[in-house]
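**Q** Just lifted these from TrEMBL, have a look:
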- 142-167: transmembrane segment (TRANSMEM)
- 246-352: domain 'Cyclic nucleotide-binding' (DOMAIN)
- 388-415: coiled coil (COILED)
Amino acid sequence: LEEGLLVRARGRIGHRYLRSSSLPWDVASLLPTHLLHPSPLARANRCLRAPRLWEALERWETRTGHPNAFRVGKLLLYLLAAIHWHSCLYFALSARLGLGTDPWVCPNASRPLRRYLHSFYISTLVLATVGDTPVPGRQEELLFFTLGFLLAVLGFATVAGSVGSVISNLLAADAIFYPDPAPVRRYLRARGAGKGLGRKVAAWHRHLRAERKLPAELQVLKFLPRGLMAEVVAEVHLPSLARVGIFQGWQEGVLRQLVLRLRPQVFGPGEFVCRRGDVGREMFFIREGRLAVLAEDGITQLAVLGQGLYFGEISLIHIKGNTSGNRRTANILSLGYSDLFCLSKEDLAEVLAEFPSARTALEAKGRQLLLAMGKLDLQAEAREVAAQEEAERRLQGLEVALEGLQTQAARLVAQLEGSALRMALRVQRLEA
């Protein structure tokens, strides 16, 4: 690695490897020592590669997309290797004591595979602490089984701890993405709430998991650098945001600034997103689901909003002649489970201050919507425009008067400085 980047030049990698401390050990592990003696122990130099294997497994675990599955596979590999080595020791002891001489040792079968499978089976019974093994009669057999059971107890504790760690990691990772419904349900039972409310809470959590919606995704990404977090969020949400009608044709830079400030929210069936007359502090973009626009009676459906639409922007932006002010102009009810993006008034103002063209486009679309709803007072708009022009004219007059005063003040300061200089010279002459 150089400055955090992986070097892929073979020449540089080879030159660095030839100067590393791993080279002598790798060469020693590849020496053909088995030619010196036919015993398996003559190949023990292969074990010098074990640290390289552990390093490779560690790097693979950090790079794979399924680390928990990889940990389980690695644990199974360790178990198989331990059983294999134990079976080899069992067969070596059986060969030393004599194959087939008693029921404990490996039978003297003609096929090597039959001998290996029997040895592997006995080792599995011992290391899994299953029991039902042949009764040892010699001292060597008793000692071998005793050591095997002791190692099995230690290995079983290690395996149980590893499996428990994997399960804990799975639960912890799942808890980061999805909230646990148990505390809320216990709270409702402790407070004596009705069962219907508890079923609604359970249904909401089931919907989050079934649809793989992440209400706490910003908390998951908060440890990333801001630039990388912006890239991740844009990759995930920018296509959905670009389908919103109000943002079509906007610059990608504006959308990237907006997507960082969006907060996902999920509304359940029959839940009001906003009510008529409420003070508007947020605007919403529909990612998935359907929402009904209700009349003042709260029952009659005037329209149904679907994916890619937006609402609530009128109460966030200042449109001249808006008779409703910053109040909500309609009741919005979620028909099913609706996945929305929420943008606060402060975040919208911050983004629009950086991009005046986007502000102009948003105000124009909001004005058209108010005009269609009959909530735009053209006379009030004209009066406000005239008042704004009058204020600008007065401001310009004040600026001109202020410039004149500044000029006169500068002249007076210059005259004062000249008088002070002449006075100092006269005093100097009188003193002389």
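Using N, Cα and C of the backbone, Cβ positions are placed for all residues, glycine too.
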**Q** May I ask for the residues of the chain that lie six or more residues beyond the transmembrane segment (142-167) and have a Cβ under 8 Å from a Cβ within it?
**A** 68, 71-72, 75, 79, 82, 86, 89-90, 93, 123, 126-129, 133, 136
**Q** If you average per-residue pLDDT over the domain 'Cyclic nucleotide-binding' (246-352), what number do you get?
**A** 78
**Q** Count up the helix, strand and coil residues in the domain 'Cyclic nucleotide-binding' (246-352) according to DSSP, in that order.
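**A** Counting residues by DSSP class gives 20 helix, 40 strand, 47 coil.
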